[in-house]
Amino acid sequence: MKKEKIIVIVGPTGVGKTALSLQVAQQLKGEIISGDAMQVYRHLDIGTAKVTPAEQAIAPHHLIDVADIDERFTAFNFQQQGQQLITKITDRQHLPLIVGGTGLYLQALLYDMTLGSATDAEQDFSIRNKWQAYLEQHSETDLWQALAKIDPDAAAKIPAANTRRVIRALEVYETTGVLFSQQKPKELRYDTFIIGLNCERPVLYERINQRVDQMVDAGLIEEARWAYERRATSPQAVRGIGYKEFFPYFDGECSLEAAIDQVKQNSRHYAKRQLTWFRNQIPVNWYNLVEHQEADLARIQEDIQTWLQK
């Protein structure tokens, strides 16, 4: 059976994913599925760099604003809804474009990972809650060492600061009995062309810093306060970068400048982790639209046409 064709656009913040996705969607009758774990939440717009209503009017967008802040939206939910959307979009003879940077979500969709049923998702959530409670009482290093005892190979590849990934590795082992490091990706579910956008590290970091300043000017602090006031009932949604860093400021424990600097630092670290994950986990074709826009845009268009004709 012939596989459905999809294009995936990945990369850290500030490298041109949105602009490229809109251009490709216009040229190829595409519909865009957000692959970002935080953009599913209503009202979290600025901190998640959500596409604007004007941008959404250019091409159909999906999996944006589909959950309230107090709802859980898991990789299982994304996988199920994403697969259904790909089938519907393909049936309309349009091209699905997956745009975003949440590694586990993309992997679950592209490789058809077995994530279990809704009941299993509930079990995952209880295990996740257990380790998050552990983290509140212990250090990141303690959490990482708990993983290292069970799965040293996974721990060697996951930095202690990436607590979400560490907890996910612990979840996988406790749920399935299979070590996270021994999970082998299956064959790609779709006929997939993956575009990775990046630029030189100093340029990327400067763009991230500028992006954070622009978000602050656009009202990020007010949005973070809105999330802060709902943090007790929204543990998953308020963990996103761009929100949690302001909580100490709201509590009077640090200055606004320090909170903004922390957002910038965490955003830079996250971008570095994203790039490492993309290089190691999925077959990406890399381009630089920041420093080589004209040449690489032409190369992208040529490579897409070659792939479409296969």
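Placement of Cβ uses the backbone N, Cα and C atoms for every residue, glycine included.
In the structure as shown, the Cβ atom of Thr13 (ATP binding site) sits within 10 Å of 22 other Cβ atoms. Taken from Swiss-Prot, the feature ATP binding site covers Gly11, Pro12, Thr13, Gly14, Val15, Gly16, Lys17, Thr18.
Sequence annotations record features per position, and here Swiss-Prot assigns substrate binding site to Thr13, Gly14, Val15, Gly16, Lys17, Thr18 based on sequence analysis.
The annotation site 'Interaction with substrate tRNA' is assigned in Swiss-Prot to Thr102 (among others) on the grounds of sequence analysis. Taking Cβ-Cβ distances under 8 Å and a sequence gap of 6 or more within the same chain, the neighbours of Thr102 (site 'Interaction with substrate tRNA') are Gly35, Asp36, Ala37, Met38.
Within the same chain, residues at least six positions away from Arg128 (site 'Interaction with substrate tRNA') with a Cβ under 8 Å of its Cβ are Ile167, Glu171. Among the features that Swiss-Prot reports, site 'Interaction with substrate tRNA' is placed at Arg128 (among others), with the record citing sequence analysis.
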Lys17 (ATP binding site), number of other Cβ atoms within 10 Å: 23
Check: same-chain CB within 8 A of ATP site center, minus Gly11, Pro12, Thr13, Gly14, Val15, Gly16, Lys17, Thr18: Leu197
Residue among the binding-site residues Gly11, Pro12, Gly14, Gly16 whose Cβ has the most other Cβ atoms within 10 Å: Gly11
Remaining residues near the recorded substrate site, that is with C-beta within 8 Å of the centroid of the site residues Thr13, Gly14, Val15, Gly16, Lys17, Thr18: Gly11, Pro12, Ala19, Ala49, Leu197
Cβ-based isolation winner (fewest other Cβ atoms within 10 Å) among the binding-site residues Val15, Thr18: Thr18
